[in-house]
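Enquirer: Got these off TrEMBL a minute ago, pasting:
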- 27-38: compositional bias 'Basic and acidic residues' (COMPBIAS)
- 1-38: region 'Disordered' (REGION)
- 53-78: transmembrane segment (TRANSMEM)
- 90-113: transmembrane segment (TRANSMEM)
- 134-158: transmembrane segment (TRANSMEM)
- 178-198: transmembrane segment (TRANSMEM)
- 210-229: transmembrane segment (TRANSMEM)
- 249-270: transmembrane segment (TRANSMEM)
- 291-312: transmembrane segment (TRANSMEM)
- 344-367: transmembrane segment (TRANSMEM)
- 388-406: transmembrane segment (TRANSMEM)
- 412-437: transmembrane segment (TRANSMEM)
- 458-479: transmembrane segment (TRANSMEM)
- 491-512: transmembrane segment (TRANSMEM)
Amino acid sequence: MADAFAMKSGGKFASEIHHSRSSSSEQHGEKSVNRDEQEMARLGKRQELRRNFGFMSMLGFSCTLMITWEGLLTVFVYGLTDGGPAGLVYGYLFCWVGYFTVVASLAEMVSMAPTAGGQYHWTFLFAPKSCRNFLSFITGWQSVLSWQACLASAAYLGGTIIQGLLVLNYPSYDFQRWHGTLLLYSVIFLAMLFNTYLAKQLPKVEGAVLIVHIVGFFGVLITLVYLAPHGTANDVFVQYLANGGYDKGTSFFVGLITTVFAFIGADGAIHMSEEIKNASTVVPQSLVASIALNGTMGFAMLIAILFCIGNIDNALSSATGFPFIEIFKQAVNSNGGATALTSIVLSLMIFATIAVLAAASRMTWAFARDNGLPGSRFISQVEPRTKLPLYSVALSVLITLLLGLINIGSSAAFNAVASLVVSGYLGSYTIPIILILHKKIYNPSSIHYGPWTLGRGFGIFCNAFGLLWIAIVMTFSFFPSVRTDLTLETMNWSCLLWGGTMIIGVVSYFGYLRGRYNGPIVETDIIEQVVHGV
């Protein structure tokens with residue numbers, strides 16, 4: 001279908017056709033459609049979802065999905081083992097710069113082709129004809145898996161933070177894993193409510209949550225800085241720890257995974273592209289702005305928490321399961337104050353789950369629309385009245401419910417599944433960035449950029465540095481945080497799980513989907529609209 005589209009359009013396949021900025025309908029003057037519909041038509045897609053997001057609502061969506069400063073509070077303590085305070089500070093800066101170059105690369109590509117499929121669609125457009133179907137499928141497969149794992153992880157964090165507050169305020173409470181699973185279910189059902197019955201209000205909600213995200217940041221930051229005892233600059237910027245059994249250099253890189261988590265989900269806006277007005281401009285702007293804003297707040301919060309960490313042994317041994325709750329308690333010297341501060345983090349974690357469900361369901365829907373999943377015909381349906389992909393929303397919720405059951409048997413097993421988040425996300429970014437970099441170097445004239453571009457020189461730098469950064473982070477994300485005395489629970493299973501899912505993907509493609517998945521499907525009626533302007 002894609003080849004037929006290229007032939008009918010009177011030009012070559014790939015960027016010349018799909019990314020052309022001229023409008024056939026304008027040339028013929030027979031029918032005018034808005035810019036977003038024109039861009040969808042050039043990509044061979046029909047507008048099925050309702051566009052109701054603008055820049056501010058999408059900025060709120062992106063920032064609250066990543067929850068950088070909030071996420072750092074939940075995981076920063078693990079970086080103290082490998083790297084210590086100084087390792088966290090400089091590792092954060094390295095990850096912030098690395099993620100910025102990756103997101104900038106993605107932003108440039110989404111400006112060329114703003115579709116919900118994102119990475120796998122671009123891979124198909126830029127890859128050689130001989131392997132574009134396979135590379136596109138593997139990219140989409142990784143993206144779907146990572147988003148589903150991220151959704152389960154976000155709901156799990158929300159549920160277990162609630163448990164932490166119960167432990168803090170009710171010493172007689174008996175912490176049970178199945179309680180956490182039930183609380184996980186409550187969080188995911190609330191997210192489903194906002195993605196179905198309240199979906200029309202989601203843009204307004206995301207704009208409001210952006211305000212909470214910023215105001216809450218200052219509320220927590222000022223409280224910590226003003227009330228908590230402070231360490232010295234030497235404690236924060238010089239003190240380096242390597243307690244995981246690695247040498248100092250290796251320990252630094254192993255500890256990077258802590259700060260990488262703070263930027264997970266940075267591509268969320270891409271998968272909402274078909275619901276955003278003026279997507280080819282708004283999506284890249286919101287991507288870059290969210291990395292800049294969240295990165296700044298995250299760095300400030302990291303510095304504050306390292307200065308105000310207090311008794312680290314008490315924090316690490318906190319019965320709540322979250323050291324940051326104990327740090328809040330030490331700072332304000334009351335359970336009530338700690339509960340209030342934690343409630344800010346908890347509420348934003350829940351709203352992050354709402355945004356993750358939206359992005360995960362759109363990514364799943366887009367891949368199913370192009371026959372990338374079993375049961376694609378069912379999963380890709382859009383409810384005609386609400387213009388929502390309700391079946392993909394339901395599937396995403398069901399997957400989280402099933403993954404939540406793993407936590408009842410073993411939280412370590414659940415965390416192992418959740419570890420797919422980093423490798424899956426970064427793996428899905430890698431292939432399209434490699435392909436666009438290759439084109440920029442060897443065939444730059446074949447690229448027709450969108451309205452948002454990095455420029456050739458800076459673009460090549462971002463692509464190359466981003467790929468180097470991904471290679472470093474992915475490699476060390478497979479290392480266990482503690483090298484000595486490994487057990488089944490302390491072992492890092494992400495390499496095995498990521499490799500296993502990739503094998504399943506390859507086997508599925510060659511065994512079942514090879515003749516069914518042929519890249520992004522071009523709809524014939526859209527071909528006629530582009531070619532004939534009708």
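Quick reminder: no glycine exception, Cβ is built from N, Cα and C everywhere.
How buried are these features, and what lies next to them?
Expert: Same-chain residues lying 6+ beyond the ends of the transmembrane segment (53-78) with a Cβ under 8 Å from its Cβ atoms: 88, 157, 161, 203-204, 206-210, 213, 216-217, 220, 258-259, 261-266, 268-269, 272, 275-277, 282-283, 285-287, 289-290, 293-295, 297-298, 300-302, 305-306, 312, 315-316, 322-324, 345, 348-349, 351-352, 355-356, 358-359, 481.
Taking Cβ pairs closer than 8 Å, the transmembrane segment (210-229) reaches residues 56, 59-60, 63-64, 67, 69-70, 73, 297, 300-301, 304-305, 307-308, 310, 327-328, 330-333, 337, 341, 344-345, 347-348, 351 in its own chain, all 6 or more past its ends.
Residues 58, 61-62, 65-66, 68-69, 71-72, 75-76, 78-79, 81-83, 87-88, 90-92, 94-96, 99, 102-103, 106, 110, 114, 116, 118-119, 150, 241-242, 276, 283, 286-287, 290-291, 294-295, 298, 302, 352, 355-356, 358-359, 421-422, 425, 429, 472-473, 475-477, 479, 481 of the same chain lie 6 or more positions beyond the ends of the transmembrane segment (249-270) yet place their CB under 8 Å from a CB of it.
Within the same chain, residues 59, 63, 66-69, 71-73, 76-77, 80, 85, 88-89, 92-93, 96, 99-100, 103, 214, 217, 220-221, 224-225, 228-231, 235-236, 259, 262-263, 266, 323-324, 327, 330-331 sit at least 6 positions outside the transmembrane segment (291-312) and bring their C-beta atoms closer than 8 Å to a C-beta of that stretch.
If one looks beyond the transmembrane segment (344-367) by at least 6 residues along the same chain, the residues whose Cβ comes under 8 Å of a Cβ in the stretch are 61, 64-67, 70, 73-74, 115-118, 120-121, 140-141, 143-144, 147-148, 150-151, 154-155, 157-158, 161-162, 165, 187-188, 190-192, 194-195, 202, 205-206, 209, 212-213, 216, 219-220, 265, 268-269, 271-272, 274-275, 324, 373, 376, 379-380, 382, 389, 391-393, 395-397.
Outside the transmembrane segment (388-406), and at least 6 residues removed from its termini, the chain residues within Cβ reach (under 8 Å) are 49, 147-149, 151-152, 155-156, 181, 184-185, 188-189, 191-192, 195-196, 199, 357, 360-362, 364-365, 368, 378-382, 413-414, 417.
Long-range contacts of the transmembrane segment (491-512) within its own chain (CB-CB distance under 8 A, at least 6 residues past either end) are made by residues 134, 137-138, 141-142, 145, 374, 416-417, 419-420, 422-424, 427, 477-481.
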Enquirer: Restricting to the same chain and to residues at least six past its boundaries, which positions have a Cβ under 8 Å from a Cβ of the transmembrane segment (458-479)?
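Expert: Residues 94-95, 97-99, 101-102, 104-105, 108, 246, 250, 253-254, 256-257, 260, 422-423, 426-427, 429-430, 433-434, 436-437, 440-441, 492, 494-495, 498.
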Enquirer: Do the transmembrane segment (90-113) and the transmembrane segment (412-437) share at least 3 Cβ pairs closer than 8 Å, excluding pairs fewer than 6 residues apart in sequence?
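Expert: These two stretches do touch.
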Enquirer: The transmembrane segment (134-158): which same-chain residues, six or more beyond its ends, come within Cβ distance under 8 Å?
Expert: 74, 117-121, 123-124, 127, 180, 183-185, 187-188, 191, 264-265, 271, 346, 349-350, 352-353, 356-357, 359-360, 363-364, 367, 370, 372-373, 396, 399-400, 403-404, 407, 414, 417-421, 423-425, 427-428, 431-432, 435, 501-502, 505-506, 508-509, 513, 517, 519-520
Enquirer: Give the nonlocal contacts of the transmembrane segment (412-437) in its own chain as ranges (CB under 8 Å, at least six residues past its ends).
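Expert: Contacts with the transmembrane segment (412-437): 102, 105-106, 108-109, 119-120, 122-123, 126-127, 135, 138-140, 142-143, 145-147, 149-150, 152-153, 156, 257, 260-261, 264-265, 267, 403-404, 406, 447, 460, 463-464, 466-467, 470, 473-474, 477-478, 488-489, 492-495, 497-498, 501.
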